[in-house]
Every structure is written in structure tokens, then in C-alpha cells.
Amino acid sequence: MSKQQPTQFINPETPGYVGFANLPNQVHRKSVKKGFEFTLMVVGESGLGKSTLINSLFLTDLYPERIIPGAAEKIERTVQIEASTVEIEERGVKLRLTVVDTPGYGDAINSRDCFKTIISYIDEQFERYLHDESGLNRRHIIDNRVHCCFYFISPFGHGLKPLDVAFMKAIHNKVNIVPVIAKADTLTLKERERLKKRILDEIEEHSIKIYHLPDAESDEDEDFKEQTRLLKASIPFSVVGSNQLIEAKGKKVRGRLYPWGVVEVENPEHNDFLKLRTMLITHMQDLQEVTQDLHYENFRSERLKRGGRKVENEDMNKDQILLEKEAELRRMQEMIARMQAQMQMQMQGGDTDSSTLGHHV
């Protein structure tokens with residue numbers, strides 16, 4: 001009597017079905033179980049609402065004990081690096097978010113070299129990842145590479161400042177730059193559009209490489225294609241941040257209250273906050289891939305070239321030392337040979353003198 005086949009191994013599909021179609025589900029389950037890692041850097045002058053915006057984006061307080069420096073402290077203030085990591089879980093999906101803040105950027109009177117500290121930090125994370133990747137234990141590498149940089153631009157100017165241009169050009173080959181116009185509630189809608197166009201023109205004029213959202217695939221649904229088009233058209237994002245709940249039209253919303261009305265943070269008609277958050281969430285994977293495939297690979301290739309040249313130089317130095325040692329040894333041997341010849345001649349001369357003296361006696 002034949003045993004009944006276990007039901008869990010019965011193929012419910014049509015004949016010829018193998019099951020490869022379930023691979024994406026396996027990858028998804030594995031990724032969800034492992035969790036995601038993302039590092040966001042925020043750079044901009046003090047007073048542009050960077051901390052408020054980040055807290056608004058992720059509904060968390062990353063800077064509970066921050067002390068705001070006075071004007072006198074800012075004069076000689078240097079750029080600092082403050083990395084805050086928080087574990088966020090939403091519907092079973094875990095995100096290890098690291099926000100790298102740069103207090104002191106642009107505060108000092110002489111801000112020419114203020115971005116060197118930031119560049120060093122970005123390179124250090126690449127260096128650490130390269131070291132861990134080259135080690136024996138590669139299963140538990142923590143990825144602290146900077147995947148995205150929100151660069152905050154002041155709404156009070158008429159475009160990019162020289163410092164903005166210099167900084168973005170200094171890092172655009174190392175990290176994905178997303179330009180953000182801060183405190184958009186200080187501008188009218190027409191002023192925002194003029195400022196956006198001016199900034200984009202100056203970015204193109206100075207050949208600054210910012211992060212470009214990839215085009216939607218042809219097989220994507222129309223809603224996603226339209227969303228991608230709107231996100232692209234919104235760059236640079238003009239945003240408002242607030243952690244205060246106020247009442248507007250009978251409901252509680254996060255926003256800012258003015259004598260003339262309420263600016264709602266999450267109202268797309270008031271600012272680009274929702275678009276910025278949507279861009280970050282929907283393109284988080286692409287930001288990581290561009291970091292891995294472009295910025296990190298550029299760093300890695302250059303680093304290995306420098307390492308190769310260093311090894312070559314060391315080998316050349318060793319060969320040079322050996323040649324010098326051999327030449328010195330030959331000189332010593334020649335000198336010893338000459339000394340031996342002189343001693344031989346002196347000994348022969350002494351024998352002749354002795355024989356002469358004996359003959360006279």
C-alpha cells in the first residue's frame with residue numbers, strides 16, 4: 001500500500017511550474033527580517049530649521065539635549081560631526097537610521113575650509129567599510145556610508161552663495177546631494193518658483209552633480225510615473241518643518257500659525273515636505289545602490305590605485321637599497337684588495353733591505 005504524498009510538497013500550480021516566481025518574496029522576507037540601514041547627512045547654515053525638519057520627517061526627536069550656541073561662540077566655531085542613530089519600526093519593517101548633523105557649518109567668519117571636516121568624515125566611512133569588507137568576518141558589516149546629503153539653501157538670498165557652490169562641488173563625487181530650500185513659508189509661491197529656477201540654473205552653470213531620480217520603468221503603473229514626474233519637477237524641494245500640533249479646519253495638524261493663517265507641514269499645496277519624504281522613502285534603495293556602485297566604487301578604485309603605487313614605491317626603494325648595499329660592498333672589497341696589495345709590497349721591500357744588510361756584514 002503506497003504512502004500518501006505529504007500535502008506540503010504537492011505542486012498546486014500547472015505542470016512545468018518550478019517556483020522561481022517566489023524568489024522576490026524570499027528576498028523581501030530576508031530583507032525585512034534583517035532590516036534596513038540608511039545614513040542621511042544634513043548640511044547647512046545654522047537657523048535654517050534642519051533639526052526641526054529631520055524630526056518632522058521621521059516623527060522622532062533626534063536632538064533632545066542640543067544647546068544652541070550664542071553669536072559670540074559662532075565667530076570662531078569649527079564644524080563638528082554629530083551622528084545620531086535611531087531604530088525605527090513600522091509594520092514589522094525595521095530601519096536603522098543614522099542622521100549625521102554638521103553644527104557649525106558656515107557659522108564662522110572665515111568659512112573657506114569649513115567643509116574639510118565633513119569630507120574627511122565621508123571618506124572615513126568609505127575607508128571603514130573597505131576595511132570591514134576586506135576582513136574575515138563580512139557577514140555583519142555595519143554600513144555607515146553616507147547615502148544621501150540634504151543640503152539646505154537659505155531662502156533669504158537670490159540663489160546659491162559661493163560657499164554653497166564650493167561645498168557641493170567638493171562632495172558631489174562622494175555622496176548623493178539633494179538640494180533643499182529651507183523655511184519656504186518665508187516666500188510667496190512666485191518667489192519660490194523664481195528661486196528654484198535660479199538655483200537649478202546655477203547648479204547647471206557650475207556643473208554641480210546633484211542626485212537625479214531615475215526615470216520610471218515602462219512597465220510601472222501610471223500613478224507611479226506621474227509621482228516620479230512631480231518629484232523631479234519639485235527639485236530643489238522647498239520645505240517647512242514643525243513639531244507643533246495646531247488646530248486647522250477642525251483637526252490637529254503639524255504646522256505654523258501666522259496672523260494671516262496656518263502653514264501645514266504635510267499639505268502639498270503649502271510646501272514640498274511630503275514630496276521630499278516620498279522621494280526619500282521610495283528612492284532609498286536607489287540612493288544606496290548609487291552610493292555602492294558609483295561613489296564607493298570610485299573611492300575604492302582610487303584607494304587601491306594609491307595602495308598599489310605605495311607597494312610599487314616600496315619595492316623600488318628596496319631594490320635601490322640593495323643596489324646601494326652591493327655597490328658599497330664592492331667598494332669595500334676593492335679597498336681591502338688595495339690595502340692587501342700595499343701590505344704585500346711593503347713586506348717584499350722589507351725582505352730586500354734585510355738581505356742587503358746581511359751582505360754588507
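Just so you know, the numbers here start at 1 and follow the chain as drawn.
Glycine residues also receive a Cβ, built from the backbone N, Cα and C atoms like all the rest.
What you see is a predicted model, and the numbers here were worked out from it, not measured in a lab.
Of the candidates SER51, SER218, SER301, Swiss-Prot marks one as phosphoserine, and that one is SER218. Residues 182-185 are the range that Swiss-Prot records as region 'G4 motif', among 182-185, 338-341, 342-345, 358-361.
Swiss-Prot assigns the feature region 'G1 motif' to residues 44-51, out of the candidate ranges 44-51, 348-355. You'll find the Cα of GLY104 (GTP binding site) roughly 19 Å from the Cα of PHE156 (site 'Important for dimerization'). For the pair formed by PHE156 (site 'Important for dimerization') and GLU191 (GTP binding site), distance between Cα atoms is given as 11 Å, rounded to the nearest Å.
Least packed by the Cβ count within 10 Å, out of the recorded positions LYS50, LYS190, is LYS190. DSSP labels the residues of the region 'G3 motif' (101-104) in these numbers: 0 helix, 1 strand, 3 coil.
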